[in-house]
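Feature annotation from TrEMBL assigns domain 'Major facilitator superfamily (MFS) profile' to 16-423. Feature annotation from TrEMBL assigns transmembrane segment to 20-38, 50-71, 83-105, 111-133, 175-195, 229-250, 262-286, 295-314, 320-341, 353-379, 394-413.
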Amino acid sequence: MEARERTEWMTMRGGARAWAVWGIALSAYVVAVLHRTSLGVAGLDAQQRFGIGAGALASFAVLQLLVYAGLQVPVGVLLDRFGSLRLIVAGALIMASGQLLMAFADGLTGAVIARVLVGAGDAMTFISVLRLVPQWFPTKRVPVVNQLSGIVGQLGQVLSAVPLAALLAGPGWTTAFVSAAATGLFVAILALVALHDTPERRVNTGAAISARKLGQDLRSAWQHPGTRLGLWTHFTTQFTGTVFALMWGYPFLIAGEGLSRGTASTLLTLFVLVGMIGGPLIGVVVQKHPLRRSWVVLAVVAANALGWGLVIAWPGRAPMAVLLILVVALGLGGPGSMIGFEFARTFNPPNRLGTATGIVNVGGFVASLVTIELVGLILDARTGGRADYDITDFKVAMSVQYALMAIGVLGILRTRRLARRRMAAEGVHVRPLREALADRGWFSSERIGKG
Ligand SMILES: N[C@@H](Cc1c[nH]cn1)C(=O)NCC(=O)O
């Protein structure tokens with residue numbers, strides 16, 4: 001290859017090199033999701049190892065998510081300053097050290113510190129990947145590559161649900177967590193060796209952090225109702241799936257529904273696959289109908305509510321068909337939550353996109369940690385802290401999700417109204433969906449009048 005060709009290849013956006021760099025960053029996110037979800041598959045083992053009840057077990061995940069959510073905005077600021085490469089490597093190393101600690105922890109203190117480290121490293125990873133994408137791909141491809149990043153990253157759950165669960169069931173706790181730590185170390189080295197912040201620069205250092213600018217960006221991003229619409233979108237769509245994958249899905253399927261570990265792992269894998277198929281479909285709908293994104297969000301929430309409704313209303317244990325409907329509905333939550341980031345991107349100027357993205361990303365994780373804790377407390381209250389739950393205990397505990405869904409939907413409807421008002425003031429009028437559908441002959445005008 002001649003020097004000129006090599007320079008073009010090195011700086012080309014969207015080419016093979018871009019995909020290779022993205023793949024390396026993505027592998028760090030996949031492993032972050034593996035670490036994040038590892039306690040979900042190890043939940044029952046953790047209860048035995050540390051002699052704890054459901055509430056204490058839930059507190060581990062809650063703490064991890066608290067750290068994750070609390071660090072979103074500060075990490076966004078650090079990202080602007082230090083770039084994706086340094087944050088991805090740091091995140092991978094921090095998570096690996098947390099998993100190593102967990103491997104040898106035989107008391108609660110070690111386990112708690114381990115989960116804090118996992119939450120902190122995890123907080124650095126996804127938004128660093130999102131930050132890398134516009135540097136490496138043409139603008140028009142950014143939404144699709146972002147969706148792909150979110151979707152493919154969830155393969156980390158498959159790594160927890162299948163190989164990690166197999167290691168737990170076979171060689172046991174220490175081998176499983178040491179293996180997870182080793183995987184983390186591997187992706188850290190890979191990123192250190194091969195990741196580049198931009199096509200032109202290996203490391204891209206941003207402007208020094210100023211408290212005044214930070215305050216301004218935070219205020220402006222928060223004050224735009226579009227950012228808060230993103231936050232409520234992320235809050236409402238993501239939490240049911242996260243609670244399922246991260247903490248209560250596995251115990252619910254095994255202890256509640258009476259499935260084997262293998263079948264539960266298969267259902268958790270299906271949950272990820274549904275997201276992988278649903279993501280691009282949702283992406284296409286959103287791309288074609290950008291002014292109807294909130295309806296896609298509400299449809300995803302309705303599917304989640306329906307899925308849980310069927311399981312809860314079913315007398316006793318639900319048949320496999322009903323569990324499949326639940327898993328398919330939950331699988332749509334992750335791709336649905338990516339619409340939250342789309343709201344952040346389209347309602348904010350590029351210079352405060354990192355801040356707005358951080359704010360949006362807090363939503364789903366706050367909703368998840370609240371739900372995980374509440375489910376744990378309800379289970380504990382029903383069983384007196386013993387891990388011998390039955391299906392009724394889970395049905396009662398899982399019903400708490402409807403309260404979070406209701407709060408989220410109210411948040412979406414309110415901020416959507418405010419965002420539309422702001423758009424109207426800027427000359428963009430969004431017609432009510434019924435009117436738009438009526439124009440296409442979906443409803444008669446008399447029915448609209450009554451609606
Ligand atoms: N909504 C997720 C990403 C996603 C996409 N499809 C399924 N999940 C999200 O917000 N991710 C943030 C993170 O750190 O994982």
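Each residue, glycine too, has its Cβ placed from N, Cα and C.
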Short question: most Cβ pairs under 8 Å with the transmembrane segment (50-71), which of 20-38, 83-105, 111-133, 175-195, 353-379? 353-379
Are the transmembrane segment (295-314) and the transmembrane segment (20-38) close enough that 3 or more Cβ pairs fall under 8 Å, when only pairs 6 or more apart in sequence count? no
State the mean pLDDT for the domain 'Major facilitator superfamily (MFS) profile' (16-423). 91
Can the transmembrane segment (175-195) be said to touch the transmembrane segment (83-105) if we require at least 3 CB pairs below 8 Å and skip pairs under 6 apart in sequence? yes
